[in-house]
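Worksheet: one structure, shown below.
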Amino acid sequence: MERRQDYKGNNISEETTLDWRGKPSNSSKHGGMKAAAFVLGVQGFEIMAIAAVGNNLITYVINEMHFSLSKSANVVTNFIGTVFLLALLGGYLSDSYLGCFWTMLIFGFVELSGFILLSVQAHLPQLKPPNCNMVTDEEHCVEAKGFKALIFFTALYLVALGSGCVKPNMIAHGADQFNYQDNPKQSKQLSRYFNAAYFAFSMGELIALTVLVWVQTHSGMDLGFGISAAAMAMGLISLVGGTFLYRNKPPQGSIFTPMAQVFMAAFSKRKEVCPSDARVLHGSHSNKGPNSNATISDDMGILHHTNQFRFLDKACIKVQDGNSTKESPWKLCTVTQVEQVKILISVIPIFACTIVFNTILAQLQTFSVQQGSSMNTKLTKSFHIPPASLQAIPYIMLIFLVPLYDTFFVPFARKITGHDSGVTPLQRIGLGLFVATFSMVSAALMEYKRRNAAVNSNKTLSIFWITPQFLIFGVSEMFTAVGLIEFFYKQSVKGMQSFLTAITYCSYSFGFYLSSVLVSLVNKITSNSSHGGWLSDNNLNKDRLDLFYWLLAVLSFLNFFNYLFWARWYSRNRSSSATIQHDFISKVAGDDSIA
C-alpha cells in the first residue's frame with residue numbers, strides 16, 4: 001500500500017500495489033528502475049520480433065503470396081492497424097480483470113504462436129502459391145487463395161492479437177513501477193523511463209531492420225520469421241525474470257461500467273436543470289455537511305468539479321422526492337465519476353490530431369519500401385541494402401539522440417520550465433507533428449527526382465537519396481510518440497492507465513486504416529478512361545507517388561494547426577480545473593483551522 005500525507009500530516013492511502021504473491025508491495029524491495037529494466041527487455045525483444053515482420057511484410061506478400069502492390073500495401077496497413085486497434089482490448093482486459101503482468105504473459109504466447117505459424121508457412125512450399133517473378137512475369141503469377149491464404153491470415157492475425165494486447169501493458173507496467181504522484185524523485189525517474197522505453201523501442205527496431213531483414217532477404221523469410229519467434233520467446237523470459245521485483249496494480253473490475261453509469265444517469269435526468277452551486281451535486285466535496293460521506297482523505301485523492309461539459313453534471317443531481325431509498329448508481333453518480341468521464345472526452349481531440357501523423361508512418365513502411373526497391377541498392381560490389389532496412393536509419397540516429405536528449409536537454413529545460421520532463425507532453429507532441437510535415441515534403445521531392453531520372457534519363461538513383469524522409473520522421477516520432485504516451489498515462493483517471501496507454505496505439509491503428517482509405521480514394525478520384533490513378537499501377541515509374549506525398553504533406557501541415565487549437569483548449573480547461581482544486585484545498589484547510 002502506497003501512502004502519502006494530507007495537509008495535516010496524517011497518512012492516507014493513495015494506491016494499492018501488490019507483489020507477486022498478492023501481498024502489499026514494499027517500496028524498498030519492489031518497483032523502481034531495476035524492475036522496469038525487465039519490462040524494457042520485453043519491449044526491446046517484442047518490437048524486434050514484430051518490426052521484422054511488419055516492416056518487410058509487403059515484400060513477402062508481393063513476392064511469395066503474389067498480391068498486387070496496392071492490395072499488398074493494404075494488407076500491411078490493415079495488419080498494423082489491427083495490431084494497434086487490439087491494444088484497446090489488451091488495455092481493457094488488464095485494467096478490468098487480468099492486470100498488466102498476466103495480460104502480457106498470456107498474449108505474449110499467442111503472439112509467439114503466430115510467429116511460429118508464419119515461419120512454418122514460409123518454409124513449406126505446399127502452403128504457398130507456385131514460385132514466379134512478380135516483376136517480369138506478373139500475368140502468370142497465381143495469387144494465394146483458399147487454404148493457403150487462410151493459413152497466412154490466421155498466422156498474421158494471431159501475431160496481431162498477441163502484439164496488440166501486449167503493447168499497451170508493456171508501457172503501463174513499466175510506468176507502474178514508479179510512484180510518480182507523490183515522490184518528486186520518482187516523477188523524474190518516470191520521465192527517464194519513458195525516454196528509456198523509446199530507446200529500447202529504437203534498439204529493437206534497429207536490429208529488426210538490419211540483422212533480421214537481412215536474414216529474411218538473403219536466407220529466406222522462413223528463417224526470418226523463425227528468428228522473430230525466438231526474439232519473442234526471449235521477451236517472455238525477460239518478463240518472467242522480473243516477477244519478484246514488480247509492483248503490480250490490481251485490476252479494478254469493468255472500467256466501462258462507471259463511465260456507462262454517468263451517461264445513463266445524465267440521460268435519465270436530461271430535463272433537470274444544473275444547479276449554479278456545484279456544492280449541492282452528489283459526491284461534491286466542496287460542501288462539508290454533517291451528512292456528507294466524504295472525508296478529508298477522500299478530498300485529497302479525488303477529482304473536483306469543473307465547468308466543462310456541464311450536461312454530464314446532471315448525473316450528480318440528487319432528486320428530492322421524499323423517498324429515503326438510496327438511488328441506483330445508474331441514476332446517481334459522484335462528481336469524481338463525472339470528472340473522469342470529462343477527462344476522457346477532453347483528450348479525444350489530442351488523440352485525433354495524431355492520426356494523420358501515423359498515416360505518414362504507414363507510407364514509410366509500405367510505399368517507401370517499394371520506392372527503395374526501384375532504386376540502386378548496391379553498397380559494394382557484393383552487398384545490396386534490403387529496401388526495408390532503410391527504416392533503420394532513423395533508429396541508428398535515435399539510439400544516440402535519445403540518451404543525449406535525456407542527459408542534456410531535459411535537465412537544461414527543467415531548470416527553465418520547472419517541468420519534470422523538461423517540456424510538457426503537449427509541447428513535445430506539437431513539435432513532433434510540425435516536423436512530420438517535412439518528412440513528406442522530402443519524400444515528395446525525392447520521388448519526383450527518382451521518377452524523372454528513371455523515366456527521362458533511364459538512370460537509377462542510389463537508395464540513399466530517400467534517407468532524409470526517414471531521418472526527419474525519426475526525429476518527429478521521438479517527440480510525438482513519447483509525448484503522447486506520457487500525456488495519456490498521466491491523466492487523472494484511476495485504474496485506467498493501461499487502457500489510456502492503449503488509446504495512444506489506436507492512433508497508429510486509425511492512421512494506418514486512413515492510409516488504406518486514402519490510397520483507394522486517391523485512385524478513384526485521379527483515375528480516368530485513359531489513365532489509372534496515382535497509385536493504381538504496380539510500377540512506380542508509371543504511378544505518381546510524388547503527388548500522393550504532397551497531398552500528405554498538406555494534410556499534415558493543416559493537422560498541425562488543428563492540433564494547436566485543441567492543445568490550447570485542453571490546457572485552458574485543465575488550468576482552470578487545477579485552480580479550482582487548489583482554491584478548494586486552501587479553503588478546506590482554512591475552514592478546518594478556524595474550527
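Cβ coordinates are placed from backbone N, Cα and C, and glycine is handled just like the others.
Keep in mind that TrEMBL annotations are predicted by a computer and have not been checked by a curator.
Under the heading transmembrane segment, TrEMBL lists 35-55, 75-93, 100-120, 149-172, 193-217, 223-246, 343-364, 392-413, 425-446, 466-487, 499-522, 547-566.
Looking at which of 35-55, 75-93, 149-172, 425-446 has the most CB pairs under 8 Å to the transmembrane segment (499-522), the answer is the stretch 75-93. Counting Cβ pairs under 8 Å that are 6 or more residues apart, the transmembrane segment (35-55) and the transmembrane segment (223-246) reach 3 or more and are in contact. Ranked by Cβ pairs under 8 Å to the transmembrane segment (343-364), the stretches 75-93, 100-120, 547-566 are led by 547-566. Outside the transmembrane segment (75-93), and at least 6 residues removed from its termini, the chain residues within Cβ reach (under 8 Å) are 50, 54, 57-58, 61, 67, 103, 107, 156-157, 159-161, 163-169, 172, 255-256, 362, 365-366, 496, 498-503, 505-513, 515-516. Proximity of the transmembrane segment (392-413) to the transmembrane segment (547-566) is not established, fewer than 3 Cβ-Cβ distances being under 8 Å for residue pairs spaced 6 or more apart. Within the same chain, the transmembrane segment (193-217) packs against the transmembrane segment (466-487): three or more Cβ pairs sit under 8 Å, each pair at least 6 residues apart. Among residues of the same chain six or more beyond the transmembrane segment (223-246), those with a C-beta under 8 A of the stretch's C-beta atoms are 19-20, 29-31, 34-35, 37-39, 41-46, 48-50, 52-53, 56, 101, 104-105, 108-109, 111-112, 115-116, 118-119, 122, 173, 177, 212-213, 215-216.
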